[in-house]
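A.B. asks: My structure is below; once you've seen it, I'll send some questions.
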Amino acid sequence: MAEEPGVWSLLERAPIDWTEPWLIGLAAFHILCFIVTYISFKSYPLQICHFLLMVVLVSCAEYINEFAAMHWRAYSKQQYFDSSGMFISLAFSAPLLCNTIIIVVHWVYKTLCVMTELKTLQQKRKESREKRKKKE
């Protein structure tokens, strides 16, 4: 029985030249986005701006795909941008959407923490009122 090919061997066999400068730049852009996502956990305004920027970029992916399909010879050795938008969806939009999901999960976690803290304070306040009533 043949062994399943790994992700790396699939990437090597794909008809994509990963050494093209613009693909390396795209990978660097996504790494930078992940770093900013991590850093933005400490700054809520930065996180909101970063989130909105990524959402806008994903929503503009169709237009970027059309532009890239028309001008691919200027920066690439092959045409990656087809009418279905599969390449741009996987190489551009998917990593950005992963970042936005990470941010949304972080927001849900922070909201749950605040709700838990609020409920704890409400319980303490209720207990202190009951203690005061018993003393009176």
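Backbone N, Cα and C atoms are what each Cβ position is placed from, and that goes for glycine too.
Predicted, not measured: the structure shown is a model, and the values here were computed from it.
Okay, these came from Swiss-Prot:
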- 1-20: topological domain 'Perinuclear space' (TOPO_DOM)
- 21-41: transmembrane segment (TRANSMEM)
- 44-64: transmembrane segment (TRANSMEM)
- 65-84: topological domain 'Perinuclear space' (TOPO_DOM)
- 85-105: transmembrane segment (TRANSMEM)
- 112-136: coiled coil (COILED)
A.B. asks: Grab the same-chain neighbours of the transmembrane segment (44-64) for me: Cβ-Cβ under 8 Å, and only residues 6 or more beyond its ends, written as numbers and ranges.
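C.D. replies: Long-range Cβ neighbours of the transmembrane segment (44-64): 33, 36-37, 85, 88-89, 92-93, 96-97, 99-100, 103, 106.
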A.B. asks: Could you pull out which residues elsewhere in the chain have a CB under 8 Å from any CB of the topological domain 'Perinuclear space' (65-84), counting only those six or more residues past its ends?
C.D. replies: 15-17, 20-22, 91
A.B. asks: Would you mind splitting the topological domain 'Perinuclear space' (65-84) into helix, strand and coil residue counts from DSSP?
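C.D. replies: Its residues fall into 9 helix, 0 strand, 11 coil.
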